[in-house]
Amino acid sequence: MHVKVDIKDPLLLLRSTIPQIKIVIHCIPFSNSVMGSFSINLTVTLTKTVVLFTLTVTLYSLIFILSVVGNSLVLWIMLRYEKLKTITDIFIVNLAISDLLFAASLPFWAKDRVSGWVFGNVMCKLLSGVFFVGYYNGIMFLTLMTADRYFAVVHAVYAARSRKTCYAVTASLVVWAISLSASVPEFIYSTEITWVQTKFCEANYPEDSEHIWLLFGYYQQIILFFLIPLVVIVYCCYKIMNTVLRCKARKKYKAVKVILCIVIFFLCWAPYNMVIFLVSLKQLDVSLFTTCETSKHIDYAYFISRNVAYFHCCLNPVFYAFPVRDLGFLFDPQLSFLSHICAITRSAFPTTATPPGSDTVSHRRPLIPSYTPCIPGF
């Protein structure tokens, strides 16, 4: 599949950050015409790009469905039955809302990736900002939940006295404020860009400061929303694991859970942030990363690693919600929403009666314990 494009300003083409175009056009020769304008004749192979775009739309749709179903179920259970009684409850609800905000914008971006933006300039700004608010929130609430588990397990006596829901509310408000502040450039500079008679929703920074804004965005993402959370999560999980291994009960199971937390977080986010770092080096004109072949590989790596990272929003409910019977040694079925629903059903429609005079006491556990597995800490 080939396409031939005639464009008057190739600098606009080469400067473009539009993923559909940037990923397929590299090292384009052009010449000045007598009239002082540029003329370009491009012939680029789009086979790989079409495959990637199709894959992106498929993945975005899958992430959207899984995230909406999983996180909506989380919200329904937590608000309907748990009533936000604990710090963990508050963080889980905020995490679910953040993931829903993030996932809700994916169908719009899928449309943008395939055939351009048709939803107007206001929606472009709004959805760009909401997307990043949900994205940043998700990472920070995972970090908060891990830190909360650290205090509850490693400093249990102190935590028993000081862990109050008002602190969780305050911390949640701070997280939302940070995410909103970090997303302000997206709300301001995201706009419709017309390219070859097709509109796209992209960040359109002022030309005199575009370089600075791009680098600021890259390193804000890498440092504030990856490296710092990663250090906190690794440290907290390391301390939790040491404490758990000194206990006799189920120590191996819980230690494996903690290790799994770090592995999942790292596998989802590390490739994406590593590629962002390489993109920043290209933006800084580091010679090794500005060659045509290297630039092409970076663009493809960014395209793929971004999609992998986005899957994290539909993995969050799995770790504290759904049971995995084949991995029972990793996940406690008592924590699953299926167990939760079964418990509700049994209480509403009892199938057995207690014999008269029986002194049997029901040992049914709370529907959702006061702690959660994996990324939240346990």
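Just so it is clear, glycine is given a Cβ too, placed from its N, Cα and C backbone atoms.
What TrEMBL records for this protein:
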| type | residues | note |
| --- | --- | --- |
| DOMAIN | 70-320 | domain 'G-protein coupled receptors family 1 profile' |
| TRANSMEM | 21-44 | transmembrane segment |
| TRANSMEM | 50-79 | transmembrane segment |
| TRANSMEM | 91-110 | transmembrane segment |
| TRANSMEM | 116-144 | transmembrane segment |
| TRANSMEM | 165-184 | transmembrane segment |
| TRANSMEM | 218-238 | transmembrane segment |
| TRANSMEM | 258-281 | transmembrane segment |
Problem - Same-chain residues near the transmembrane segment (218-238), Cβ under 8 Å, at least 6 residues beyond its ends - result: 135-136, 139-140, 142-143, 146-147, 149-150, 182, 258-259, 261-262, 265-266, 269-270, 273, 276-277, 279-280, 283, 375, 377
Problem - Rounded mean pLDDT for the residues that make up the domain 'G-protein coupled receptors family 1 profile' (70-320) - result: 87
